[in-house]
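Visitor: Attaching a single structure in structure tokens format; questions to follow.
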Amino acid sequence: MVQPYRHEPLTDFTVEANREAFLAALKKVESELGRDYPLVIGGERVMTEDKIISINPANKTEVVGRVAKANKELAERAMKTADEAFRTWSRTSPEARADILFRAAAIVRRRKHEFSAWLVKEAGKPWREADADTAEAIDFMEYYGRQMLKLKDGIPVESRPGETNRFFYIPLGVGVVISPWNFPFAIMAGTTVASLVTGNTVLLKPASATPVVAYKFVEVLEEAGLPAGVLNYIPGSGAEVGDYLVDHPRTRFISFTGSRDVGIRIYERAAKVHPGQIWLKRVIAEMGGKDAIVVDKEADLELAAQSIVASAFGFSGQKCSACSRAIIVEDVYDQVLSRVVELTKQLNVGDPAEQATFMGPVIDQNAYNKIMEYIEIGKQEGRLMTGGEGDDAKGFFIQPTVFADVDPNARIMQEEIFGPVVAFAKARDFDHALEIANNTEYGLTGAVISRNRANLEKARHEFHVGNLYFNRGCTGAIVGYQPFGGFNMSGTDSKAGGPDYLILHMQAKTVSEMF
């Protein structure tokens, strides 16, 4: 019997045995660095001459892995394989599909620290961030497996005398999963298994910065019993392989997590009907945010400062949910700003393989350059309070950066930076603070720190974000507890880890029988 869902607990690294186990996992992963990884098409390993070189962002000279790189021809082969596999996989019982997710979750749980160690090396995640990423991957498998079991018989509808009506869900077809580098295990696994458990076959194109952990997950699903051809692993260029698959007439849906610009490009391309295409493609997209924490004059100011720092600088601000705007009512602006600067100066920036590190590197040279450009813009648009320096000699390290007195319409208050940068804006009162908070094209996460119930209730209705938090930070949604996804340019309003997410990967069918 399947037990009720509970989220995977995070590891307590104050326990010596846990620390030792994690260090052992790091040593194991270090001994496996630099290996070659193939594509997986129909269960067959396919090596290519062209490779994606995955490096450790904390140490540019350390190669994590060399991964085969798909081209259009191999993508077409994978599409034909997935299309063929759909015929049998779509008819596999929901119970059997869910069981594969449960077995995969158990395998990852046994190897939890190993997967987290890969995240330390490939994504530059500090211990706690890596551990949370792995736990979330487990949660997605456990939660979506259970959700499929709830949906397997459909939803009851009314029937008249002499009539039986059934309303149930069937799979869509071949899905293209384009996963991000910032949650290279959790989001990659979640979007993949949501597509699989609903009876679809998948072409997985992971982010080029983090393809190794995705390959490791493909191995887990194979071990869990996933049939060959149901999941095909085809890392490659977005401009070549990504566009080709988005345009392909046999692609039924695209599940994308990434930037606003790429998401818009995919949405536009998917809307075009190509020769031989007999459906309108579905796009499930999560595209980022410009998230704010609002603090009113009746807030717990220490909680406010702690929440801003944790939300702005966890994983170097490389979360779509990260706090990049702090909007403070003028009565308490100076106190909150001063405390945030004080706390930020205490943060330990360094090698994520060291337990004491709070903040590691940003993901790559392009990200480093972009963030440093925004810091220069910030120096013109606001008052630099701390940080602002970068060092890319060995890895891609940027100091946590705080800007004060920024105009709500400034670029660093409007554009997604995706790095360790937070901008402070002063509001006249709470209404003005909400007005500033809603003044972007995004609508992903937000938080309000306040003891005033009327203000919280006002924010509940007027703060237009998909995930709104009261008296806590704006990051760290838990699967099944805080379904995650935003409004406006933050995506297609889907809610990962929520009760209606799987339905996006299926279509409803009604069967009516007279007797």
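Including glycine, each Cβ sits where the backbone N, Cα and C put it.
Here's the feature list from Swiss-Prot:
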| type | residues | note |
| --- | --- | --- |
| ACT_SITE | GLU286 | active site |
| ACT_SITE | CYS320 | active site |
Visitor: Give the helix, strand or coil assignment DSSP yields for GLU286 (active site).
Guide: strand
Visitor: How many whole Å apart are the CA atoms of GLU286 (active site) and CYS320 (active site)?
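Guide: Cα to Cα, GLU286 (active site) and CYS320 (active site) are separated by 9 Å.
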Visitor: Near CYS320 (active site), which residues of its own chain have a C-beta under 8 A away, given they sit six or more steps off in sequence?
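Guide: Residues satisfying the criterion: ASN182, THR257, GLU286, MET287, GLY288, GLY289, ASP291, LEU444, THR445, SER490.
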Visitor: Suppose we draw a 10 Å sphere around the Cβ of GLU286 (active site). How many other Cβ atoms does it contain, all chains included?
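Guide: Result for GLU286 (active site): 26 other Cβ atoms within 10 Å.
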